[in-house]
Amino acid sequence: MASTEEQYDLKIVKVEEDPIWDQETHLRGNNFSGQEASRQLFRQFCYQETPGPREALSRLRELCHQWLRPEIHTKEQILELLVLEQFLTILPEELQAWVREHHPESGEEAVAVVEDLEQELSEPGNQAPDHEHGHSEVLLEDVEHLKVKQEPTDIQLQPMVTQLRYESFCLHQFQEQDGESIPENQELASKQEILKEMEHLGDSKLQRDVSLDSKYRETCKRDSKAEKQQAHSTGERRHRCNECGKSFTKSSVLIEHQRIHTGEKPYECEECGKAFSRRSSLNEHRRSHTGEKPYQCKECGKAFSASNGLTRHRRIHTGEKPYECKVCGKAFLLSSCLVQHQRIHTGEKRYQCRECGKAFIQNAGLFQHLRVHTGEKPYQCSQCSKLFSKRTLLKKHQKIHTGERP
């Protein structure tokens, strides 16, 4: 009986002989690209694609074997693959996409990619032009949120993992708050784009424990309610940051903003030592340890630990799509979906196959294309059992049995 590796090679040959595939299927790359394709097929395998549970389990075993290749990998190498995958999983979504594009082959390589990004965004020479300062500052703070205080004992490992899982879920695009607004900018570099949904916000007003000198206290007392209302109505921004020139309508927001430049994080979690520049961020972070989910959807009962998570979830019920494409008018539920859609107009193809070099606008296109190299054909004809890599090819084939003209 042929070994699994031989079966894998035979499967590739079969795909290459299939007339459906074009000439790109004859290109073979390094092991990592094929390994990544097998990993994705294993992780995204659907139960509905098999006749029953026994077939599903058998198919999962086969896909897992193709991914981990125990016949050629040691136990340590297999463990490293699993740890690497989990590390990428706990990263915030947009940062995860950025790291995956670098195709790290180990956990250390993945960490190096994240650290390089942190360093580049923290260097003054890599900041955006003056009109983009506000967004670049937020990005810098976002990267700082990814740093976890190192502890020598294994006891601290689980809280940190839980914390990173939570932050990957609750961080999102920095929106208008307390008189400060960040304008949309479609010209941001890709390194900034990947982090644009990672700023942590809450419903409640920000509460600060700020040590203010006597001069500032006197100034606050002299500010009348009418002056504040006038500033809000006219959009006047009287409080200017001396570091980057960004202006704010409220002095309290300016003080908080200045922590981006100073790196001050006065609010520290007593559980894991993670520090934050905002008290509200600390309060929401604590829920990663307690498991508390106070924000519940009235429609379906689903609960969330962060208010912004509930806000985005509600759009599923209301049908709200606040992010609209300025070119064609198509609207989207999430800003990340809008960014991906806009590549259709710009022609940008950021998802590239490591096997043959072919590029795609969307990640879904790349995932489907990977089946060319792995030989995966998950769609089976119920009439003749012929297999296909695409659902559209299966539907086209089924017309042969129905007599319908293709």
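Glycine residues also receive a Cβ, built from the backbone N, Cα and C atoms like all the rest.
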Candidate set Lys191, Lys274, Lys386, annotation SUMO2 cross-link, source Swiss-Prot, matching residue = Lys191
Swiss-Prot feature zinc finger, matched against 75-97, 351-373, maps to 351-373
For the record in Swiss-Prot, which of the ranges 129-151, 198-220, 267-289 is the zinc finger one?
-> 267-289
DSSP helix, strand and coil counts for the zinc finger (351-373)?
-> 11 helix, 4 strand, 8 coil
Fewest other Cβ within 10 angstroms of its own Cβ, chosen from the recorded sites Lys250, Lys358 = Lys358
Top stretch among 239-261, 267-289, 295-317, 323-345 for CB pairs under 8 A with the zinc finger (351-373)?
-> 323-345
Three-state secondary structure, which DSSP defines for Lys250 (SUMO2 cross-link) = coil
Cα-Cα distance linking Lys358 (SUMO2 cross-link) and Lys250 (SUMO2 cross-link), given in Å to the nearest integer | 50
Considering only Cβ pairs under 8 Å, which range in 239-261, 267-289, 295-317, 379-401 makes the most contacts with the zinc finger (323-345)?
-> 295-317
